[in-house]
Each structure stands twice: as structure tokens, then as C-alpha cells.
């Protein structure tokens, strides 16, 4: 998480290209002894903000560290190794527990996607990060096994940052693909693969890298070469494991012909609050946009999972655009026009919203469920926050805004 730059033209182009290049949506990967058939439907949720921090998911951790702490790099640099290890260990041991995995399964999910940074397995000299995350990832694999869930392990942050977003560990310029950063990423991925891919009864897939930012400057040719190296690593360790490949903010159809039939799943993310056009839409426009996106991804010749999406339609959540960065919705960001007032949407629970806002949120969620299950399913972002209406699945479930059971519809046939 998260796509954070405006790309109205790119979104429109992707929709046009994706529909124009559409191929039958029931394309299949080579049949192998996988623990999950990704030609089927993924229904799951991300465990965001746990083993890779994001200021908007746990703002208290960053507020307590002072103004300089805007990502995990600056947080650990500000606190120092000892204090950072103490703060993060407390967070890792309490934010997510075994009970969360059982609640996810009880809600009808079959998958969790768990972000992890390279620094957890392959720390580099002179970097401030602390390790210790793998103990908790080990626990998560056991909890998923006990709950009957499949796991996608997601390499969420790479050396140098592959997207410049705070969720990569370090906000700022994109330096991935410079120097030795790609080989360092392969080393980190290999360490994760060697540790977890043998547990194929639970770890059904592993993601090569989260959100490499091609529009932001990542070389597409270099990314394809990196994906080739990652596929080789997986084949060497456990060829029954599927590999998730991010679309890099291109249309999924633009990857047609690349590794088709190799147990590869395209991962695409869809948010409607980081673009000036999309954030301006009313609920009817948001529903149509989600349904159109569902049609677009059918143009892929590989399985496609929408690996991140949300029930929110504004960027009002505290620190969503980054710590200290204002909102587009209220017209405070980069001289944007004002679209509305954030009101109760900055923090707290979806229960604090008006009846109409809750109904619209449910309607938007239902449209996305229908749209994404038209291909190969979805992974909601995210399971838990300190209070972010529209983003917090457990809060949405508790307040009847996320369907339970998942097939329940108050707004049926929106994408028909």
C-alpha cells in the first residue's frame, strides 16, 4: 500500500487498453500440485501495518516519536536501536494475534497477505532498521495453518525503495535499481523463500515485490529481469508455489505474454482517493469505476487478484498521504480544488459516519467484491488500524458495512 500519485490519464488509458486487448477471462495456469488453485477465487485481507509500519495505520507510534518520524527508517533512526526494538516488539506482539486469524477465517476469507520488509531478513550496513519480525511471521504461518487460511508472503519494501512511498520503509526518491539494490533484493527474497516456501500447505504464494513504481521511474525492462530472477528462485526452492507479480501501475493486460502459464498471478491495486478525478466522483461514479476496473482486468491472460483495495473514497484518514501531508478532499494538497469536508472520516470507526455514508460505503464494497470476483478475487487493505473509517475490515464487519456472509448483498447486480 499505497498508490499515491495522480494519474487520471494513465487510469483512463489503462481502461481503454485493457478493454481493447481483452482476452477470455478464464485463462489458466499450468496445473501443478499447488496448495491453492489461483484459477479460482481468492477472498482475503492484508495484515498491513504490522511487520511493516505505516503512519496512517498506527499513528500513535509515529506521534510518540516526534515530527521527524515519517516512515520506518526515520522512526528507527529517531528512536535508536534499543528503544526502537522495544517499541516495535511491543507492537508486533500485540497488534495482531492468533485470534485475528480465526476471526478472518470465520468471516469467510481463505487468504491473508502479509507484508514484510527486506530488512527483516537481510539487513544492510549503516541502516537504522531493527529486525525481529520473522519470529512473528513464523507465528502467523502457524496461526494461518490452524485457521485454515492460505498465506501470500509479500516483499513490501526493497533496498533504496521501489516506489518512494512510506510503506516501502523509506519515503522519498526511488533508488531501487541503483547500485547493488536489485541483487540485494534478490538475496532478501531468497532468504524468505528458503524459510517459508517449504511450508506449502499454508504458504500458497509469494509476492516478488510490492508496487514497484514504473510511472515514478522504475525501469520496466529492469523489473521484468528482476521478475525472471525471482521466478528462478521459486522454481529452485518449491516450484509448486505461485508467484504474485505487481503490475507496476500499468494495465494488467500490458503484461500479457510475460510468464503466461508459469504459476504466475498478477497483483493489481485499486484505490479511488489518490487521483483528482476519481476522488471527485459521487457514489454512482465510484461504483461505475470499480465495475469498469473489473472489466479491465479480464483482459489479462493470467489470473489477476486485486491485492489491495478499500471501502474509502476520500483521503481524509490521518496521515494517509503521509505524516504531515494534507488532504486532496479538503483542497489542501498541491492546490487541489476542494471536494468536501472530512468531518468524522479522519479517525475513529465507520460507526461514527452518517447512515448515508455507511450505506454508500457498503454499496462501494459490494460493487468491488462483484467486480473483482469476475476475475480471480481480492485481498482487502487492511484488517486492522487504530481507527480509519473505510479501511479497517474488522471495524467494517463489526458494524455491518462489510458483507457477512461475503455473498450477502444489499445492492445486488451493480456490475451487471
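Yeah, the Cβs are placed from backbone N, Cα and C, and that goes for glycine too.
Noted in Swiss-Prot for the protein shown:
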- 1-22: signal peptide (SIGNAL)
- 211: active site, proton donor (ACT_SITE)
- 291-415: disulfide bond (DISULFID)
- 308: active site, nucleophile (ACT_SITE)
- 316-342: disulfide bond (DISULFID)
DSSP secondary structure for residue 211 (active site, proton donor), reduced to helix/strand/coil, please.
coil
Whole-number Å only: compute the distance from the Cα of residue 342 (disulfide bond) to the Cα of residue 415 (disulfide bond).
28
Residue 316 (disulfide bond) - helix vs strand vs coil (DSSP):
coil
For residue 211 (active site, proton donor), the one of 291, 308, 316, 415 that lies nearest, given that the recorded positions are compared by Cα:
308
Euclidean distance between Cα atoms of the residue listed as 'active site, nucleophile' and residue 415 (disulfide bond), Å:
19
According to DSSP, folded down to helix, strand and coil, what is residue 308 (active site, nucleophile)?
strand
Taking 211, 308 as the active-site residues to compare, which has the smallest set of other Cβ atoms within 10 Å?
308
To the nearest Å, how far is the Cα of residue 316 (disulfide bond) from the Cα of residue 291 (disulfide bond)?
24
To see if you understand the setup: which same-chain residues, six or more apart in sequence, place their Cβ under 8 Å from that of residue 291 (disulfide bond)?
367, 370, 371, 414, 415
Residue 415 (disulfide bond) has how many other Cβ neighbours within 10 Å of its own Cβ?
20
